[in-house]
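Chemist: What TrEMBL shows for this protein is this:
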DOMAIN    3-141  domain 'Sodium/calcium exchanger membrane region'
DOMAIN    163-306  domain 'Sodium/calcium exchanger membrane region'
TRANSMEM  6-25  transmembrane segment
TRANSMEM  37-60  transmembrane segment
TRANSMEM  66-91  transmembrane segment
TRANSMEM  128-147  transmembrane segment
TRANSMEM  159-178  transmembrane segment
TRANSMEM  198-221  transmembrane segment
TRANSMEM  233-254  transmembrane segment
TRANSMEM  260-279  transmembrane segment
TRANSMEM  291-307  transmembrane segment
Amino acid sequence: MDYLYLIIGFVILLSSGDLLVKGGVALSSHFKISTLVVGVTVISFGTSAPELFVSLGAALSGSPDIAIGNVVGSNVSNIALVLGFTALLLPLPVKSNSLKFDWPVMMGASLLFFAFAQNNLIETWEGISFLILLIAYMIFTVIKSRGNKEEVFKKPEHSILKAVGLIVLSSIGLYFGADLLVGAAKNIALGYGVSERVIGLTLVAFGTSVPELATSAIAALKKEMDISVGNIIGSNIFNIFGVLGITSVVKNIFVSNDALNFDMIWMLAISFLLFLLVLPLKKAKLHRWKGLILILVYSAYVFFIFNK
């Protein structure tokens, strides 16, 4: 049955990703907000819902390695696997705004996470700090976008009510789809005697990244390129500020030395690699060969996890 649940989870996630893109694009047109902002706010929140529920549940059930591994592994797979795969489907142009503002915020969030974890614990006050920074980031992003006169907005395909309905419905689908997929993957992996840390970094992280993969791939095929890149950067920011913020406010999260000295280093390195791959800033683009590099880096990352 676990393999059947795995397949059902994938189907739900893929269909939900399509609905989320439709709702997000319609909402941006109604409120004259750029698709990039919708990517780093509404859609990022929706696709990060599985990470939030998985990490919160893991922390409350006494599995901190899964809670931390889920966030770190998801951030790594979002960049290396999701963007890599999406770029293989279709080369992705990257707006300079993503690199000049959103990428530094993502990198800053990652470094702050690393700094907070030095005492092997993410405490309540640190979680509150994360949440304050997340709110400030979202407010600033929306205000900044409203003053952007360059973008030409298309006529909305759906009413505001229907667009919101699509976003809510797809977010629910993403949660339950990820829940089915992760639960099945965890049961399958446990049968092979794999540790919780490895499960968190690989299967659980991959499972919770499937919404980002589905949403980004579908957005790229629909030529909504800003959502592909903006979704990943926004999702990674939300994973740290939002997922870890909410989880650590509810319960302090223990961070193992392996997570601190190995897993987070990979997360920081791959985040920086993304910046290098899209240079120069004026013509930033993720070509297919760059997508292949990201896929190979992710393969090496998984190899070292299982052979460490």
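Sequential numbering from 1, following the chain as shown.
Every residue, even glycine, has its Cβ placed from backbone N, Cα and C.
Because TrEMBL annotations are produced automatically, they should be read as predictions rather than curated entries.
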Chemist: Between 6-25, 128-147, 159-178, 198-221, 291-307, who has the most Cβ pairs under 8 Å to the transmembrane segment (66-91)?
Modeler: 198-221
Chemist: Between the stretches 6-25, 128-147, 198-221, 233-254, 291-307, which one has more Cβ pairs under 8 Å with the transmembrane segment (260-279) than any other?
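Modeler: It is 291-307 that shares the most Cβ pairs under 8 Å with the transmembrane segment (260-279).
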Chemist: Ranking 6-25, 128-147, 159-178, 233-254, 291-307 by the number of C-beta pairs under 8 Å to the transmembrane segment (198-221), which range is first?
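Modeler: Comparing 6-25, 128-147, 159-178, 233-254, 291-307 against the transmembrane segment (198-221), the winner is 6-25.
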Chemist: May I ask whether the transmembrane segment (6-25) has at least three C-beta pairs under 8 Å with the transmembrane segment (159-178), counting pairs 6 or more apart in sequence?
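Modeler: Yes, since the transmembrane segment (159-178) and the transmembrane segment (6-25) share at least 3 Cβ pairs closer than 8 Å, they count as touching.
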Chemist: For the transmembrane segment (233-254), find every same-chain residue at least 6 residues outside the stretch whose CB is under 8 Å from a CB in it, and list them.
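Modeler: Hits for the transmembrane segment (233-254): 39-41, 43-45, 47-48, 51-52, 55-56, 59-60, 64, 67-68, 71, 74-75, 78-79, 98, 102-103, 105-106, 109-110, 112-113, 120-124, 126-131, 133-134, 137, 212, 271.
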Chemist: Grab the same-chain neighbours of the transmembrane segment (128-147) for me: Cβ-Cβ under 8 Å, and only residues 6 or more beyond its ends, written as numbers and ranges.
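Modeler: Non-local partners: 32-34, 36-37, 40-41, 101-102, 105, 109, 112, 237-238, 240-242, 244-246, 248-249.
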Chemist: What parts of the chain pack near the transmembrane segment (291-307), using Cβ distances under 8 Å and only residues at least 6 beyond its ends?
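Modeler: For the transmembrane segment (291-307), the far contacts come to 76-77, 79-81, 83-88, 91, 198, 201-202, 266, 270, 273-274, 277.
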Chemist: So how many of the residues in the domain 'Sodium/calcium exchanger membrane region' (3-141) end up helix, strand or coil by DSSP?
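Modeler: DSSP classes over the domain 'Sodium/calcium exchanger membrane region' (3-141) add up to 122 helix, 4 strand, 13 coil.
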Chemist: What does DSSP give as the helix, strand and coil breakdown of the domain 'Sodium/calcium exchanger membrane region' (163-306)?
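Modeler: Reading the DSSP string over the domain 'Sodium/calcium exchanger membrane region' (163-306) gives 123 helix, 4 strand, 17 coil.
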